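Below is one structure, written out as structure tokens, with a few remarks after it.
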Amino acid sequence: MDERGIAARIHDLPPWQRRAVIALLLLGMVMLSWVGLNAVTPDIPIALWWPAAAFAVVAVVASRGRRLGVTILVAVIFTLLNDSVGRPLGLSTAYGVANAIEAAVVCWWLTRHRPFPRMVTLPEAGRFLVAAGMGAAVIAVLAGSAAAVFVGADLLVIVPSLFTSHASAIFAIVPLFLVPLTVPLRAPVWEPIVQSIALVLLTFVVFAPAAALALTFFIITTLMWGAFRLPPLAPAIQTILLAFVATLATSVNVGPFAELVDHDFRGAIIALQLFIMTHAAAGVFVAGQAHDWTATTEALADRERDAQRVAEDLRRLNQQKDDFISAVSHELRTPVTSIIGFSETLLEGDPDPEVKQAGQVIYRNARRLADVIEDVLELSRLSTQRASSRTAETVDLARLLRHCIEDTVGIVPADRQVHVELVGAEHPVLVEAVEQDIVRVCSNILSNAIKFSPAGGAVSVVVTGHSADVQITITDEGPGIPLEEQEAIWSRFYRVQSPAHRAVPGTGLGLPIVRSLMEGRIGGTVALSSDGVRGTTVTVRIPRTPPPTAALQLPVDSAV
């Protein structure tokens, strides 16, 4: 979006066009100066309303380079105009130079570190108000001092009048030339119409004959409505029109400020100018804040859309990855099963010790590979939240645990001699569950306990029956799991970072599968405890009767 205002567009014109527009601005400055100079009161040798200052600022801002030429031209024009109404040459020259310095100061502050000013964001609005205040303060001091020297004016009277006269003009008029022209209307089409009608009606009510001074505060609410909801050009135009209507009404002795004219003319004019300043400054700030708010909300909306696109891409890639792994695992399962079958045949048929040893190596490694394949396939099924095709039946946990221990110990090299003790399984322990799920949970936990136990170590398996569930506690004598990693180990593919754990082969899939099965299918719980130094205890609670399917939910980490 093009955020250039009128002044910036003039600045970018070809030289002859730019000079022509600046000449028109200076002509407008001359006309407004002539009107202002003829409204000077006998007791105060300055114009009480000076919109020409705003045109001088815009003319200097719209020029290029060092802007010295236009600044000097402004000084000469103001000097000649003041001299033409009969003011002393010294005072006229001082006024001309002071007006030029004011325009230069405002332009300098607005264009610091940039070729031309703009007023879009809240910081830029603040920069403009500071620049206008600095310029008005400069001319108030310089022109006020000149008036005191040449015509003996009272500084306490002339300085405040100069400041409010120039500041109110710059506040009200200059934003029209700085705000962007191409900001789209985001409000409904009817809203600017209703807001403009409301502002016109309120202006007529407030500046009607014999209107109370307190009514002036009603206008600011409608003006702020436009500043917050409409493109910044709209409230800029409305502020200028409001300033001219308020000044014209007061000059013909109509409106809330007119009743002060007979009692305190200077106070009435300053009150009018403060009214213009506050309304213009509030409009500038609200418009800048509205832009920042809109830009922030749009940026957040863009980021949210980008995040949604990225999330969708990641979900698609993750699905492709799962499909690929599942397909490869299915393809590997058949040949691995054949290898296991032939190795078992080899072990049973050939008494040769070397052949038997080779068969055991083949069998152990094939079983390990088969377990990895089954883990991957199981995790794929859990990730897609597919329900088990098997139905729950009465199973004996004591029998399943004995078989799991035999199968797990059977693939451990004989030289490690890890002893597994089963306690509490002397009698049948019955639960309603899918046997394959229970076997996979117990096998994964037992496999970890045996793998990480030292040679000659012991693993304890304790079964405790309760009325509502059965607790299985498996304790090993391995290196332990650090406290800071005890939550991370439930994540897929995560492995403890210590050298002792890294030395043991594994995929990091066992415990995630255990948690997913326990919480997503079996309806039980699994917990792990370790002091981080030696030994780990995993506690599994299996309900006697599985909960309804609707009550089960996979852990977040298992979702694709």
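Placed from the backbone N, Cα and C atoms, the Cβ positions cover glycine too.
TrEMBL labels come from automatic prediction, so no person has curated them.
Source: prediction; values computed, not measured.
The domain 'Histidine kinase' feature in TrEMBL is assigned to 327-546.
The annotation transmembrane segment is assigned in TrEMBL to 21-40 (among others).
Feature annotation from TrEMBL assigns transmembrane segment to 46-63 (among others).
With a cut-off of 8 Å between Cβ atoms, the residues of this chain six or more beyond the transmembrane segment (68-85) that come close are 22, 26, 29-30, 33-34, 37-38, 40, 52, 56, 59-60, 91-93, 95-97, 99-100, 103-104. Taken from TrEMBL, the feature transmembrane segment covers 68-85 (among others).
According to TrEMBL, the feature transmembrane segment maps to 91-110 (among others).
According to TrEMBL, the transmembrane segment annotation covers 130-151 (among others).
Here TrEMBL flags 163-185 (among others) as transmembrane segment. Under 8 Å from some Cβ of the transmembrane segment (163-185) lie the Cβ atoms of residues 1-9, 46-55, 57-58, 61-62, 102, 106, 110, 117-120, 128-129, 132-133, 135-137, 139-140, 192, 230-233, 236-237, 239-240, 242-243, 269-270, 273-274, 276-277, 280-281, 283-284, 287, 291, all in the same chain and six or more residues away from its ends.
Under the heading transmembrane segment, TrEMBL lists 197-227 (among others).
TrEMBL lists 233-255 (among others) with the feature transmembrane segment.
Sequence-distant contacts of the transmembrane segment (267-288), counting only residues of its own chain at least 6 positions beyond either end whose CB sits under 8 Å from a CB of the stretch, comprise 48-49, 119-126, 128-129, 160-161, 164-165, 167-168, 171-172, 175, 179, 216, 219-220, 223-224, 226-228, 232, 235-236, 238-239, 242-243, 246-247, 250, 257-258, 260-261. According to TrEMBL, the transmembrane segment annotation covers 267-288 (among others).
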Same-chain residue ranges lying at least 6 outside the transmembrane segment (21-40) that approach it to Cβ under 8 Å: 10, 13, 46-52, 55-56, 58-59, 62-63, 70, 73-74, 77-78, 81-82, 85, 251
Long-range Cβ contacts under 8 Å made by the transmembrane segment (233-255), restricted to residues 6 or more beyond its ends, are 39, 49, 51, 168-169, 172-173, 175-176, 179-181, 183, 192, 196, 199, 203, 206-209, 211, 219, 223, 226-227, 261, 268-269, 272, 275-276, 279-280, 283, 286-287
To what whole number does the mean pLDDT across the domain 'Histidine kinase' (327-546) round? 84
